[in-house]
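Quick look at what Swiss-Prot annotates:
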| type | residues | note |
| --- | --- | --- |
| BINDING | CYS57, CYS60, CYS63, CYS106 | [4Fe-4S] cluster 1 binding site |
| BINDING | CYS67, CYS96, CYS99, CYS102 | [4Fe-4S] cluster 2 binding site |
| DOMAIN | 47-77 | domain '4Fe-4S ferredoxin-type 1' |
| DOMAIN | 87-116 | domain '4Fe-4S ferredoxin-type 2' |
Amino acid sequence: MSLWKDIKGTILPFWVTLRYLFRRPVTVCYPERKQTPAPRYRGRLVLTRDPDGEERCVACHLCSAACPVDCISMQAAEREDGRRYAAWFRINFSRCIFCGLCTEACPTLALQMTSEYELATRELLQVIYEKDELLIDGCGKNAEYNFYRRAGIGVVAPRGANPGESSPEDVKSNLP
């Protein structure tokens, strides 16, 4: 009985090898043929623009606060009309784990993940992307969304003087 087990244990792996020898290979020659990632694949991060063509990022620092590995950094600045923007924006992809928490935290939908997965390089400084490398020309996944149409720019007039706003109630007039 032991001899039969030994023979079977020797011949069975050869049979499996012969069976797979004449099948088509399942590996893909990567540089020549690129696979299409899944629809919800989380790849390289990009900064998008609003429908008016301006940057969506308002430098609120929510993305950098949500990042568990602290790979996002930026400097906030303000334009003359009161609109905030990121003076510089930097993502270190050597630290990024592509979790997507930064895109969920972004209130303006400025930071979005693409299906781009080719980020390999031999130089460490080439995986640190600056704002000009992250900013794309399009609106990204939510083309119709415009944060400033919904949120507006900072209020400078007193309460009740803005369009569509009622004047505040005088609470002292309600006292006896």
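Each residue, glycine too, has its Cβ placed from N, Cα and C.
Here the structure is a predicted model, which means the values were calculated and not measured.
Rounded to a whole number, the distance between the Cα atoms of CYS96 ([4Fe-4S] cluster 2 binding site) and CYS57 ([4Fe-4S] cluster 1 binding site) is 19 Å. Using the Cβ center of CYS67, CYS96, CYS99, CYS102 for [4Fe-4S] cluster 2, the list of other same-chain residues with Cβ within 8 Å runs, in sequence order, LEU45, CYS63, ALA66, PRO68, VAL69, CYS71, ILE72, ILE97, PHE98, GLY100, LEU101. Here the domain '4Fe-4S ferredoxin-type 1' (47-77) returns a mean pLDDT of 94 for the predicted model.
Taking Cα separation as the measure, CYS63 ([4Fe-4S] cluster 1 binding site) is nearest to CYS102 of the binding-site residues CYS96, CYS99, CYS102.
Annotation for CYS102 ([4Fe-4S] cluster 2 binding site): spatial neighbours LEU45, CYS63, SER64, ALA66, CYS67, ILE72, LEU111, criterion Cβ-Cβ under 8 Å with sequence separation of six or more.
A C-beta separation below 8 Å, combined with a sequence spacing of at least six in one chain, links CYS96 ([4Fe-4S] cluster 2 binding site) to LEU45, VAL69, CYS71.
The DSSP secondary structure for CYS102 ([4Fe-4S] cluster 2 binding site) is helix. It is 20 Å from the Cα atom of CYS60 ([4Fe-4S] cluster 1 binding site) to that of CYS99 ([4Fe-4S] cluster 2 binding site). Helix, strand and coil counts from DSSP across the domain '4Fe-4S ferredoxin-type 1' (47-77) read 5 helix, 9 strand, 17 coil. Residue environment of CYS63 ([4Fe-4S] cluster 1 binding site) contains 23 other Cβ atoms, counted within 10 Å of its Cβ in all protein chains. Compared over the binding-site residues CYS60, CYS106, the count of CB atoms lying within 10 A of a residue's CB peaks at CYS106. Cα of CYS99 ([4Fe-4S] cluster 2 binding site) to Cα of CYS106 ([4Fe-4S] cluster 1 binding site): a distance of 14 Å. With all protein chains in the displayed structure included, the most crowded Cβ environment within 10 Å among the binding-site residues CYS57, CYS67, CYS99 is that of CYS57. Close to the recorded [4Fe-4S] cluster 1 site, the chain also has VAL58, ALA59, HIS61, LEU62, CYS102, ALA105, PRO107, THR108, ALA110, LEU111: residues not among CYS57, CYS60, CYS63, CYS106 whose Cβ is within 8 Å of the site's Cβ mean position.
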